[in-house]
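As recorded in TrEMBL:
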type    : residues      : note
BINDING : C59, C63, C66 : [4Fe-4S] cluster binding site
BINDING : F65, E172     : S-adenosyl-L-methionine binding site
DOMAIN  : 45-279        : domain 'Radical SAM core'
Amino acid sequence: MTLIEKLENNERLSLEDGIALYDLDLFTLGQYANKRRRALHGNKVFFNVNRHINPTNICKDVCKFCAFSANRKNPNPYTMSHEEILSALENSLKHSAITEVHIVSAHNPATGLEWYLEVFSKIKERFPFLHVKALTAAEINFLATEYGLSFDEVIEKMIEHGVDSMPGGGAEIFDEAVREYICKGKVSSEEWLHIHELWHKRGKESNATMLFGHVEKREHRIDHMLRLRDLQDKTGGFNAFIPLVYQRDNNYLHVKDFLSSTEILKTFAISRLMLDNIDHIKAYWATSTINLALVAMEYGADDLDGTIEVESIQSAAGAKSAKGLGLQSILELIQTSGFTPVERDSLYNERKIY
Ligand code: V47
């Protein structure tokens, strides 16, 4: 069967197929990805009203792509107190009806396990209506190693303290050789996948990211998607796949060539076609820019993340658009692009169709 026949018949695609998809012209590829996206979600573009908080940038790990960690090129170390985190949320709630707080931190050995966990209970106590999406598999691995706990024990504590779902960070690129080069010593690919499997076994949901546009090759991206597809076949716990466009400022990777917009759009389209068992493809506009994220909606993606408000990890690495969007702006941008805005909750239940 030819690749085009496979696409026409919605056949499952192999590693070789995925690599060959990059050789199709953007419009042909986009047509197939858009067809698949529309069969799943029609004209809808999903978003949520959320707030990202990155409570500390002090990190024991040394990922070459990271500009956020204060151990690297960021000269301003900080650790927020619980009270600061709570008042940041209070401030957000004064002007927008956020339904989710997304918390991702660096791996800070100076703060105790309690610092990490207690803040979740405090958030739940003060704002019981907020969905807490927190602790990447990389952070869980860090906490387990640092405090001599098993992954399951950390997961147990997360659930006890009110974490509702896990974000998809820390996945980077699963290929072991690339991973060794870009983030040696951090959670391994096998551990990342195992932690999400354990989380899913508890009946909980999570996301999966992929950092692309640095030193990886196309085949590494497809391999990354296939490892996720295999786990999703087993557990069904992934809500969304999020290709994160690498930002090149202030870090140690020294990548000269930024990806072309065509390569970025092709990667969104290919992820829609390869990941036949993950419902949502998120174009995280903080790394792709809002304009390209909107175009990505025609190339397989269906979700924009949210209003975000404040984001530090990508903006430290040069992302110009990582400062948040108001609800009204997000609605207008989706509508003028010809799509129907759908505000969702963190688990993709529809809250409001505009
Ligand atoms: O894993 C670090 C990435 C991620 C850079 O689950 C960089 O809904 C680009 O996990 N250029 C953390 N990216 C962010 C994250 C996330 C974001 C949005 C939505 C969700 C979700 C999760 O930030 C890390 C890493 O891959 N990152 N440095 C950089 N220079």
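For all residues, glycine too, the Cβ spot is worked out from N, Cα and C.
Mapped onto this structure are the features recorded in TrEMBL.
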{"residue": "C59", "record": "[4Fe-4S] cluster binding site", "Cβ within 10 Å": "22"}
{"residue": "C63", "record": "[4Fe-4S] cluster binding site", "Cβ within 10 Å": "24"}
{"residue": "F65", "record": "S-adenosyl-L-methionine binding site", "Cβ within 10 Å": "23"}
{"residue": "C66", "record": "[4Fe-4S] cluster binding site", "Cβ within 10 Å": "25"}
{"residue": "E172", "record": "S-adenosyl-L-methionine binding site", "Cβ within 10 Å": "26"}
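Residues from the binding-site residues list (C59, C63, C66) with a C-beta closer than 6 Å to any atom of ligand 1: C66.
Cα separation, F65 (S-adenosyl-L-methionine binding site) to C59 ([4Fe-4S] cluster binding site), rounded: 13 Å. You'll find the Cα of E172 (S-adenosyl-L-methionine binding site) roughly 17 Å from the Cα of C59 ([4Fe-4S] cluster binding site). Under the three-state DSSP scheme, C59 ([4Fe-4S] cluster binding site) falls in the coil class.
Secondary structure at E172 (S-adenosyl-L-methionine binding site), as computed by DSSP, is coil.
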